[in-house]
């Protein structure tokens, strides 16, 4: 080989080093991009990028993260706080995203707009491109895979949000064997939120997830229960107090008060005013 000819081994080694360096830089950047965006003590602005109306007063709002590869950074079972200045007063309310934390670039909120709901009306007034201010995570419940054998859930209305967050994380994780039983109460059949998603989960995981619907005003030929969630309904469709699991509750205050009393009737310990991780009866 002539002294002026390039050495193939040197060329190959140089190219390999360049490729490895590029891969290393990409991995570092990717890891940085996938870091959590949320900050517990600082409100940050996130733009509304999509609004899907489910009913006359309920929407799924999708908010964008700074980068398409960012994740929100919300542990399963935790929620976020939305803050706003309304009529000169600082108002803060908590909401649970229904999107998974491994869904990158955005997060989804299921919100029902109430006439007297300051934050819900504030969010509903937003157009695509407008921002809301969010901080988090917060909350006393953090789910980890296989932490219990069986979870019982009772949800009312938009109280389905934290339940959906938890059950989605469980049922999309092939290594998590936790069973889930959900009793979901609403006024009318049209009020049942995320029904298609819940029914699909029940169909795909018949041995691990069961959902029972309860309506105040039921149509003819209704297959679920009618009226309020009673101790009898709970006893039939939820795990009993002696099983390895928790009873999770989320819904309107009057409903939650009644569910706490029903739980005591069935032998569950009395729920604390502020629930903590490990409580047999946990209220979101």
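Positions of Cβ are set from backbone N, Cα and C atoms, glycine also.
Looking up the ranges 8-28, 29-49 in Swiss-Prot, the one annotated as transmembrane segment turns out to be 8-28. Its Cβ placed at the centre, residue 124 (FAD binding site) has 18 other Cβ atoms within 10 Å.
Using DSSP to sort the residues of the domain 'FAD-binding FR-type' (41-144) gives these counts of helix, strand and coil: 7 helix, 51 strand, 46 coil. On its own chain, residue 176 (FAD binding site) has 145, 146, 169, 170 as residues at least 6 apart in sequence with a Cβ closer than 8 Å to its own Cβ. Within the model, the domain 'FAD-binding FR-type' (41-144) carries an average pLDDT of 96.
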